[in-house]
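*Asks:* Mind looking over this structure? Questions follow.
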Amino acid sequence: MSVPLILTILAGAATFIGAFLGVLGQKPSNRLLAFSLGFAAGIMLLISLMEMLPAALAAEGMSPVLGYGMFIFGLLGYFGLDRMLPHAHPQDLMQKSVQPLPKSIKRTAILLTLGISLHNFPEGIATFVTASSNLELGFGIALAVALHNIPEGLAVAGPVYAATGSKRTAILWAGISGLAEILGGVLAWLILGSMISPVVMAAIMAAVAGIMVALSVDELMPLAKEIDPNNNPSYGVLCGMSVMGFSLVLLQTVGIG
């Protein structure tokens, strides 16, 4: 099994961490969740804008028009799909109301699972493609995706457990969204692995960079602010950028990058 595929599987499996937290009742503080989402956004933004997009534009045979065009395509494609697909957001379920209605909250959790699954599928492809092109960047993207999958698993498992009383059912529903990400990585491994050219890989990387930027500014940062309105998510973003930037410099210094 390839290392990029293993990274994709591990990133998707992080959903189960949130699921177990949801059924065990040991919910992390809103401040910690918000910081982790901002941290993940910082990692994605730095890797996308400072590494992936420049690398795609510098690839042999890649024209600036195609490179920037694919980046914009990734941006607009994410926003378009996000607006077209009706789904609840994780913060809607993480905020516990007094005596929630079991049937209503279960239906909302199922809709959330569907929405997260559809949105996680391309994330799996993005993680695999990035790691295949540059393993160093793949580790960073896998870490960022894993951090943002934990509250997603928590957001689904907690309400389903409250509605059904079944830990197994709650973990199952939460795990489906993580499995969708793994499926995306497996399909990318099967379809793209042997027949992709350097130019096509660079074009996909540019589009993935656009998707990651859109995900960071449209989903992760606003979600962090909604989960913890009293703190600025920018601190998490800056920490994520700093840690990722330092790690990239360190890896390049020792000759890994």
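Quick reminder: no glycine exception, Cβ is built from N, Cα and C everywhere.
Grabbed the feature section from Swiss-Prot, which reads as follows:
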- ASN120, GLU123, ASN149, GLU152, GLU181: Fe(2+) binding site (BINDING)
- GLU123, HIS148, GLU152: Zn(2+) binding site (BINDING)
- 5-25: transmembrane segment (TRANSMEM)
- 32-52: transmembrane segment (TRANSMEM)
- 61-81: transmembrane segment (TRANSMEM)
- 137-157: transmembrane segment (TRANSMEM)
- 171-191: transmembrane segment (TRANSMEM)
- 195-215: transmembrane segment (TRANSMEM)
- 236-256: transmembrane segment (TRANSMEM)
*Asks:* What does the structure give for the C-alpha distance between HIS148 (Zn(2+) binding site) and ASN120 (Fe(2+) binding site)? Integer Å is fine.
*Replies:* 11
*Asks:* Based on Cβ pairs under 8 Å, which of the stretches 5-25, 32-52, 61-81, 171-191 lies most in contact with the transmembrane segment (137-157)?
*Replies:* 5-25
*Asks:* Across all the protein chains here, work out how many other Cβ atoms are within 10 Å of the Cβ of ASN120 (Fe(2+) binding site).
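*Replies:* A count of 25.
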*Asks:* Do any residues of this chain, six or more beyond the ends of the transmembrane segment (171-191), have a C-beta under 8 angstroms from a C-beta of it, and if so which?
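*Replies:* Same-chain contacts beyond the flanks: 2, 4-5, 8-9, 11-16, 18-20, 22-23, 109-110, 113, 116-118, 120-125, 127-129, 145, 149, 152-154, 156-157, 160.
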*Asks:* Counting Cβ pairs under 8 Å to the transmembrane segment (32-52), which of 5-25, 61-81, 195-215 comes out on top?
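*Replies:* Between the candidates 5-25, 61-81, 195-215, the best contact partner of the transmembrane segment (32-52) is 195-215.
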*Asks:* If you draw a 10 Å sphere on the Cβ of GLU181 (Fe(2+) binding site), how many other Cβ atoms land inside?
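*Replies:* Step by step: centre on the Cβ of GLU181 (Fe(2+) binding site), count other Cβ atoms within 10 Å, giving 32.
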*Asks:* Counting across all protein chains shown, how many other Cβ atoms sit within 10 Å of the Cβ of ASN149 (Fe(2+) binding site)?
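*Replies:* Around ASN149 (Fe(2+) binding site), other Cβ atoms within 10 Å: 27.
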*Asks:* List the same-chain residues at least 6 positions away in sequence whose Cβ sits under 8 Å from the Cβ of GLU123 (Fe(2+) binding site), in sequence order, or say none.
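*Replies:* GLU123 (Fe(2+) binding site) has long-range Cβ partners ALA11, VAL145, GLU181, GLY184, LEU215.
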*Asks:* Give me the count of other Cβ atoms within 10 A of the Cβ belonging to GLU152 (Fe(2+) binding site).
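*Replies:* Here the count is 28.
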